[in-house]
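Presented below is the structure to which this report refers.
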């Protein structure tokens with residue numbers, strides 16, 4: 001699984017870096033030629049894209065290193081750090097756009113040949129949609145937080161390029177402040193995306209539990225297993241591609257230790273079959289030592 005995960009995540013990061021680099025060169029020319037503040041916004045965003053995608057590429061390779069004596073749970077948290085770094089990069093670009101947009105609202109500057117800007121923006125829009133489609137597929141296969149953060153960023157780029165097209169079209173017909181107004185709106189949306197991305201990264205670093213749906217699946221697997229009378233103290237978290245799952249099984253007092261161990265192994269394999277690559281720890285408790293009021297997920 002780790003090899004497939006690493007290959008897909010690395011390809012997604014390389015594709016994002018290559019596309020952002022190519023679009024940056026095109027946008028530099030378009031901004032120089034037209035003077036559009038909206039295209040300047042897209043140019044700054046491409047710079048952030050490159051920095052973020054390169055960070056992802058380096059961090060993902062580090063996060064895939066096996067556990068060692070100093071990092072016994074692996075290096076998966078590096079992905080969350082990459083997502084947090086991305087949110088900082090994006091926030092900085094959003095603040096830059098605010099200042100530039102306000103300046104152009106106060107003193108609007110007519111553009112030279114908006115048609116060139118429109119052509120460049122259409123190319124950027126098509127390329128970004130293709131990249132986001134590929135990233136969404138990688139996220140569905142790997143659940144990589146770093147690629148998900150990158151995907152959210154490029155999804156905002158799709159909306160941004162659409163807004164730029166409208167702004168350039170309005171400017172073509174003489175409404176020069178439209179360029180700055182749309183750039184300001186883009187900056188607000190980019191800042192919102194950055195804050196949301198940073199929040200998710202911090203939650204992962206704080207070991208937030210797995211989603212409710214996944215925890216419910218674990219509970220259903222455990223409590224429906226023959227020989228298991230109930231369960232409690234389910235604890236979950238995720239680090240990179242690895243889910244960490246801990247749970248206590250409640251079993252009949254007279255069940256032999258060997259049989260209890262066998263049942264726990266079966267439950268562990270069932271969980272691993274549903275969530276491959278997970279780190280599962282199961283503890284067996286006799287029913288009599290678990291206070292009834294302290295039980296959770298008890299079978300009725």
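Glycine is treated like the rest: Cβ placed from N, Cα and C.
Annotated features in Swiss-Prot:
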type	residues	note
TRANSMEM	24-44	transmembrane segment
BINDING	45, 49, 153, 157	Zn(2+) binding site
TRANSMEM	82-102	transmembrane segment
TRANSMEM	114-134	transmembrane segment
TRANSMEM	156-176	transmembrane segment
TRANSMEM	178-198	transmembrane segment
Requested in this report: Report, as numbers and ranges, every residue of the chain located at least six residues beyond the transmembrane segment (178-198) whose Cβ falls under 8 Å of a Cβ in that stretch; write 'none' if there are none.
Outcome: 36-38, 40-41, 45, 83-84, 86-88, 90-91, 93-95, 97-98, 100-102, 104-105, 108, 111, 149, 152-153, 156, 159-160, 163-164, 166-168, 170-171
Query - Sorted by sequence, non-45, 49, 153, 157 residues with Cβ within 8 Å of centre, Zn(2+) - result: 20, 46, 48, 52, 90, 128, 154, 156, 160, 190
Query - Secondary structure at residue 153 (Zn(2+) binding site), reduced by DSSP to three states - result: helix
